[in-house]
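Found this in TrEMBL, in case it helps:
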- 1-32: region 'Disordered' (REGION)
- 1-13: compositional bias 'Low complexity' (COMPBIAS)
- S83, S112, V214, Y232: molybdate binding site (BINDING)
Amino acid sequence: MRSASKSGRSPSPSSRPPPSSSRPRRTDVPRSRSLPLLSALAACVLLLGGCASSPTEDPQAGETPGGGADALTGEVTIFAAASLAVAFDEIAAQFEQAYPGVDVRPISYDGSSTLATQIVEGAPADVFASADEETMASVVEAGLAAEPALFATNTLVIAVPTGNPAEIEGLADLSDPAARVVLCAPEVPCGAASQVLLADRGLRVIPASSEQNVTAVLTKVAAGEADAGLVYATDVAGRDDVEVIVPEGAADVVNRYPIVALEDAADPEVAAAFVAFVLGEGGRSVLAEDGFGSP
């Protein structure tokens, strides 16, 4: 399979110091009574020692024993590829439910390269989720992120208006000069993947327009402003205003999505928690429901 890329906390239970092992001496007790009395005292010491050794945690306000969701507070600003909009809106809602003290600010969705440029130029962001590894690499190389983690995959499909008026059947039809085809610009992940897919079939397509994100491509197709467009499979899932054609070779051109908490995150702990949530069971479940594959 080919990649489409060009390239909570409570302190540990602290037991109270065990009672002194030296037993009190009763000099006024006759020797014949000392053993029974000492045995009784020893039993008391053991009883008190057992009570003292039990955990006596006193969680901080808003914190669950052992730490957890209630202990995390703050905000998180997320930049994410346009193709993640539906999934990330749901993930963000679930994250806020899991972490009541955290506010997810409105997520910025756009073409991955546009978002990467904004981050490199200083736009305030805490988490970046890209639609391909090459775009993420530009942020890492700028020293703004350390170790991205892959969390999803996606493939391309041909979207046509309802009724398919131009009778598009496959990739070869996109190279027809009479066909009005809309593609993502080559510099953005969906555009780079489109170029690989077309090149693999020896096809050259001159688009009627090149868009900066997959959402713009799909909008034009759905409005009938284009006969066809190459978009991600996840973008057309559940839509009834377009029809879908799965082109030959699509499964061989796969975009892999990385996510990372940025080095300059305003609240690194909150940013890391969101990334962990996306990578965890909750995030994986939402992504799978929306048609994304696993990396």
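Even glycines carry a Cβ here, placed using N, Cα and C.
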Long-range neighbours only, meaning 6 or more apart in sequence with Cβ under 8 Å: which ones does S83 (molybdate binding site) have?
A131, N154, C190, N213, V214, T215, Y232, T234, D235
Tell me the Cβ neighbour count for V214 (molybdate binding site), meaning other Cβ atoms within 10 Å of its Cβ, over all protein chains shown.
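A 10 Å sphere around the Cβ of V214 (molybdate binding site) contains 31 other Cβ atoms.
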Give me the long-range Cβ neighbours of S112 (molybdate binding site): same chain, 6+ apart, Cβ under 8 Å, in sequence order.
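Residues satisfying the criterion: A81, S130, A131, D132, T135, M136, V188, P189.
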Cβ within 8 Å of the molybdate site's Cβ centroid: which residues qualify beyond S83, S112, V214, Y232?
A81, A82, L84, G111, A131, N154, C184, V188, P189, C190, N213, T215, V231, T234, D235, N255
